[in-house]
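Q: Sharing a structure with you now.
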Amino acid sequence: MKRYGVNYPRTAFGLSLLVASILLVACDRQQPEEPQGQAVNVGVTRLSASTIPVTTTLPGRIVAYRTAEVRPQVSGIVLKRFFTEGSDVTAGDMLYQIDPAPYEAALNQAQGSLAQARAQARIAHITLSRYQKLLGARYVSRQEYDQASAAAQQDDASVAAAQAAVNSAQINLERTKVTAPVSGRIGRSLFTEGTLVQNGQSDALATISQIDQVYLDMTQPGNAFLALRQANASGQVVSGKGKAAVDVLVDGHPQSLHGQLDFADVTVDKTTGAITLRATILNPQHSLLPGMFVKGRIDEGIRPDALLVPQAAVTHTPRGDASVWVVDSQNKAETRQVDVEQALGDNWLVSSGLKAGDTLVVSGVQKLRPGVLVNPQPVTTPTQANQG
């Protein structure tokens, strides 16, 4: 029987050749590594301080500059209404006519009483004049003369009282003509012809609102108001002389309606923690009506040495922390934590973390890590920064 043996050395040599071939092929397929220390191209801009206007936009409500509730000052039946509801009226315009007949009669009676009092006073003065002559001739006593003098004075007082009654009756008669106390736009009439109205009644006949200029009452958090005062005191914000200018925004859009800030309330509301600011706004076209909700943009002054950073250069964490990339003197990337106050156009107003002269990375930040070498390329406009 023939036996076959196994050649172990030859088999091991073949396996070694196979493994070496596989390793050579794998090495040939590996990609070459990126050279270490290659600079990353980034777009940069050099920060410079600028002077910017400081404005605050606050919610507010329109209030009529002047409001007059028209009420009767005499009682009677309304005979006629002379105005159109919702129209503009001028101070002194006739609005209602109350029945004047009772007041005409009262005036006539008062005038009659005045005539009677004047006649009585005339007789008293004639008598006094006679007694004065008789007193000199000793035909009347001093007591009789004094009594005549007192009677004349009493009749003079009666004339004055009667004259006052006539004046009062004339005033009441004039008040039957209800006129507009101020100029403005009159609302709906709450009383019609034939209605009995009373002097001193609580319900107004109509209401007139002066709206050729209006008030804008705005609310501002008390802490924001205090922060502005502190900024003014420190010189961070410089306020102009005179009253601050105010522009009106409707649905977020500026209107051709301007005014000035009149005053800030002296107390803080206990429930809201806010203060009230009032501005006077010119409203020649009557486009702003009482009760409207609008916003007021207040020009609070200027901020010198402000740093504006393109929004594209600022990244925010989920917690709201803001940071930027800057290039140091060795052209290496460095991250900075910054505090941003508000957005101004395409920029953020930065209050801390940066200074004038810093080189800010505005494009290519995705490739950066702290300490990496960069090749800064100047970018001068926000458009170029966004294109990077």
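Backbone N, Cα and C atoms are what each Cβ position is placed from, and that goes for glycine too.
Sharing the features that TrEMBL gives for it:
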SIGNAL    1-26  signal peptide
DOMAIN    66-208  domain 'Multidrug resistance protein MdtA-like barrel-sandwich hybrid'
DOMAIN    107-175  domain 'Multidrug resistance protein MdtA-like alpha-helical hairpin'
DOMAIN    214-301  domain 'Multidrug resistance protein MdtA-like beta-barrel'
DOMAIN    305-367  domain 'Multidrug resistance protein MdtA-like C-terminal permuted SH3'
Q: Over the domain 'Multidrug resistance protein MdtA-like beta-barrel' (214-301), what is the model's mean pLDDT?
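A: Summing pLDDT over the domain 'Multidrug resistance protein MdtA-like beta-barrel' (214-301) and dividing by its length gives 83.
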Q: Work out, from DSSP, the number of helix, strand and coil residues along the domain 'Multidrug resistance protein MdtA-like beta-barrel' (214-301).
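A: For the domain 'Multidrug resistance protein MdtA-like beta-barrel' (214-301), the helix, strand and coil counts are 13 helix, 45 strand, 30 coil.
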